[in-house]
Each structure stands twice: as structure tokens, then as C-alpha cells.
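Visitor: Straight from TrEMBL, here's the annotation block:
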type	residues	note
TRANSMEM	12-34	transmembrane segment
TRANSMEM	77-97	transmembrane segment
DOMAIN	108-217	domain 'Phosphatidic acid phosphatase type 2/haloperoxidase'
TRANSMEM	109-131	transmembrane segment
TRANSMEM	151-168	transmembrane segment
TRANSMEM	175-192	transmembrane segment
TRANSMEM	198-216	transmembrane segment
TRANSMEM	237-256	transmembrane segment
Amino acid sequence: MNLMESLNDHDVLIRLNTFLLLYFGWIGFTVLYDNIKPYSRDITPLLLKLPFTSYQFVTGALDFVRSFLPLYLLMKAVYYVGFSGSIALTVFFVLIYKRDLQKADELALGYLLTYSISGVIYSIAHVYAPHYVYNLPGFYPDRTYLTQQEFVLPSLHNTIAAFNIIILWKYRKNFITKLLILLNSLVPFATLLLGHHWIYDALAGIFLAILVGKLVRGREIKVLSSLRSVKISIIRHITLFSFLAGGFILLLAITMPKP
């Protein structure tokens, strides 16, 4: 099935809207988190008692990657593409390019579980990132609602990346898939070497992805028959509106300063 056929398919567009709702639902939680975090316990002091959390270890890793400019630029690119970009690319490949509804359903349910579990954890307890704890030069606290300083353990970056690999593994012989798997595989290294996450965040994220992968394997999203009877033109308009509304919400999250 080619691209245009996918974009004229009820099942594809309904699922595409589901992914949009999931992503911007997470952005909504990020905005609301300012009202939740006073009740979340800071357990960073406990984490700092573990190996590989010292100032010397963190700065040593950062100095190492900065000493090789091409590697540093690659890690920066991977880090900033590694969350939203990897989600968009994986959804596009699985749902629109391959039109694999089974894997698309597993992907959507996996994202839902990942957001839900991470949100509950961040609401109960949190840790701060290495660059924040050690006030490393060149890093600035986020002053927008695109993310929160407390969203560290488990690393959502690494959970999403590892889970994407689990979903994409079915198509691992495809050249495009190899590139996507490579991108997602580099995410843990980027988050660690750049001082955005502790090694324990990355490991927790990977273990969470494995757990989520097992929970959603073979699961399907039941689409109501009434939705399939809606004219495709109406669903396309709803999808377009969802993209525009989502883009507006994302723009607000990026540009709206925190008090």
C-alpha cells in the first residue's frame, strides 16, 4: 500500500489521531506537573550514594565527548531528535509506510503505558539530572513547559528509544529500519555522555521498555464500527485539525515561560 492509500484509510487515520492524543496528552501532563511536584519526593541524595554518580565521573564523560567535535555534534543531534523525532519517525514507518496495524497498536499501547508509568513515578518521587545537580557550565534550567527537570528516573528518552527498537525489530532487515534502530540505539549514549541522565536512568528506561514490550505484545486497539462508517474526508479534516491544534500546544509549551 502506497503513502496516499494509507492516508485515505480509516484505520490508519484513526490510529494517527490516537498517537497525536497520546503525545500531546503527555505535554499536558508536563504543563500540569508544576502543581504536582511539590508532593513528589526528591530522592537525588539517595541516588548520589551509588557508584558512577560522582562529579568526576559525569564531567569526565562530558569532557571526553567534547574532545571529539564530530562525536559531540552527533550526540547532541541524537539527543534532541531522540524523543519527539524518534516517535514521529517510528509512527510514520510502522503506521503509514508499512501500514502494520498490529505493530501500530502495540506501539500506541506501549506509549500509553510508558507515559502512565513514568507519570506516576515522577508524581511520587523524582531525581535531578547530572548537569542540574552539579551545575555544569553550558547547561541552563528549562524555562519552558516542554519538559521538567524532575523527569529523569526512569529516562523517558531511553524508554521510548528502547521500545521503538522492540517494535521495529520485525523489520530489522529493511535499510530504513536499520537507520531508525541505529538512531534509537545511540540515545542511551547521548543522554549519558552529555550529562542529561545518570546511568541508572538509562538502565531503568531500558528495563521499563522491555516490560512494556512484553505487556503489549499481540494486543490490538478495537476501533468502533461507528468510526469506520464516518466519511474519510471528515476524518482527514479531524486529523488536520489535530495536527494544527497539537502544533499550537507544542508552540505554547516551548515559548510560554514558567513563572
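Using N, Cα and C of the backbone, Cβ positions are placed for all residues, glycine too.
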Visitor: Determine which recorded stretch among 12-34, 77-97, 151-168, 175-192, 237-256 has the most C-beta pairs below 8 angstroms with the transmembrane segment (198-216).
Guide: 151-168
Visitor: Are the transmembrane segment (151-168) and the transmembrane segment (77-97) close enough to be called in contact, which here means at least 3 C-beta pairs under 8 A that are separated by 6 or more residues?
Guide: yes
Visitor: Using Cβ atoms only, state whether the transmembrane segment (109-131) and the transmembrane segment (237-256) have three or more pairs under 8 Å that are 6 or more apart in sequence.
Guide: no
Visitor: Which range wins on Cβ pairs under 8 Å with the transmembrane segment (175-192): 12-34, 77-97, 237-256?
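Guide: Per the Cβ under 8 Å count, 77-97.
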Visitor: Take every residue in the domain 'Phosphatidic acid phosphatase type 2/haloperoxidase' (108-217), average their pLDDT values, and give the whole-number result.
Guide: 88
Visitor: May I have the DSSP-based helix, strand and coil counts for the residues of the domain 'Phosphatidic acid phosphatase type 2/haloperoxidase' (108-217)?
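Guide: Per-class counts: 74 helix, 2 strand, 34 coil.
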